[in-house]
Amino acid sequence: MEMKVLILVGVRLLFLPTTVCQSGMKHVSDNSALTAESFNGNEHSFEEFPLSDIEGWTGATTTIKAKCPEESITTLHVNNATMGYLRSSLSTKVIPAIYILVFVIGVPANIVTLWKLSSRTKSICLVIFHTNLAIADLLFCVTLPFKIAYHLNGNDWVFGEVMCRVTTVAFYGNMYCAILILTCMGINRYLATVHPFTYRKLPKRNFTLLMCGVVWVMVVLYMLPLAILKQEYHLVQPGITTCHDVHDTCESPLPFQFYYFVSLAFFGFLIPFVVSVFCYTTLIHKLNAQDRKWLRYIKAVLLILVIFTICFAPTNIILIIHHANYYYSNTDSLYFMYLIALCLGSLNSCLDPFLYFIMSKIVDQLTS
């Protein structure tokens, strides 16, 4: 008897009217008003599904990859979390206020630094290092008005694709150029103080020029992907054009983004940071506390550590976590924090000139 009942139920399910299935499909379609996409997605490469159907959804952006279209994408759809950031006072008021401060202080400070360096005859190594550092900072600062206008305009970029790529390259290029030059300065001071006999045998001017040349070549090569890949996208909602805030994963695939940015943070920050800490701490231990230049070296080292800790460390640590989180877990909830950290990273353009004045005092004491 039970067997007959099961057979009848199975036959009934097999010949279930298609109208029931069609009504169910229509119900699902009607509920998919919000699409879960990310800073790294486009409307053609993601399936749409209601955010309310995600169990335990907390606002982190989740994406479902599908086949990428063959044609180039210039218009994207983003979720409510992304639009919330793009419209927030943090993005349209606080971040541009910090950039204005950096521009107002950084431009004159670096111009004065270059003017002072042009008339300096002592310590050619100091002149070469800080000239390169001031040039990198100044190149970055002159692109800040475009970023300021972008954020004050509600994150609506009006300067075109080329200028968007230029400002993006200037942003990252300045940060990693500053990190590497500060590291080279630490190596130079380490050799001069800890290994003076070896240092005296080196062709100081050519050696310093070589170090700075290698830094610029490395930075230019690492910035090529940012200069080549598309950075500007128009958002259907809220009807703005973003610059570097939204990416298309079909234009820049996830594996490439992950390995590129992680290697950038690893070779551009983590290794130089370890080398800098080693060089400067060894330098402090080598010097006698009674030495007249010891206190100034302490000030210089503290300022360098402040620059690394406030300007460079948060950006690169969050950069690694963000891309690892997005690559392995398919979420990008840390992207807001990363953009804030990137904004704080611009403060190094204001602090570098003060480092020059401290280091110049040390050199003047040594040669007096």
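Glycine residues also receive a Cβ, built from the backbone N, Cα and C atoms like all the rest.
Values in this document were obtained by computation on a predicted structure and should not be read as measured data.
Relative to the membrane, Leu287 and Met337 are listed by Swiss-Prot as lying on separate sides.
For Cys243, the cysteine that Swiss-Prot lists as its disulphide partner among Cys141, Cys164, Cys343 is Cys164. Considering Asn80, Asn206, the record held by Swiss-Prot lists Asn80, annotated as N-linked glycosylation site. Between the transmembrane segment (301-321) and the transmembrane segment (209-229) there are fewer than 3 Cβ pairs closer than 8 Å, counting only residues 6 or more apart in sequence, so the two stretches are not in contact. Applying an 8 A CB threshold to same-chain residues 6+ apart, the list for Cys243 (disulfide bond) reads Tyr150, Trp157, Phe159, Cys164, Thr167, Thr168, Gln231, Glu232. Listed by sequence, the residues of this chain that lie at least six past the ends of the transmembrane segment (209-229) yet keep a Cβ under 8 A from its Cβ atoms are 128-129, 132, 165, 168-169, 172-173, 176-177, 180-181, 184, 187-188, 251-252, 256, 260, 264, 268. Long-range contacts of the topological domain 'Extracellular' (145-166) within its own chain (CB-CB distance under 8 A, at least 6 residues past either end) are made by residues 86-87, 91-92, 95-96, 99-100, 103, 226-227, 230-232, 240-245.
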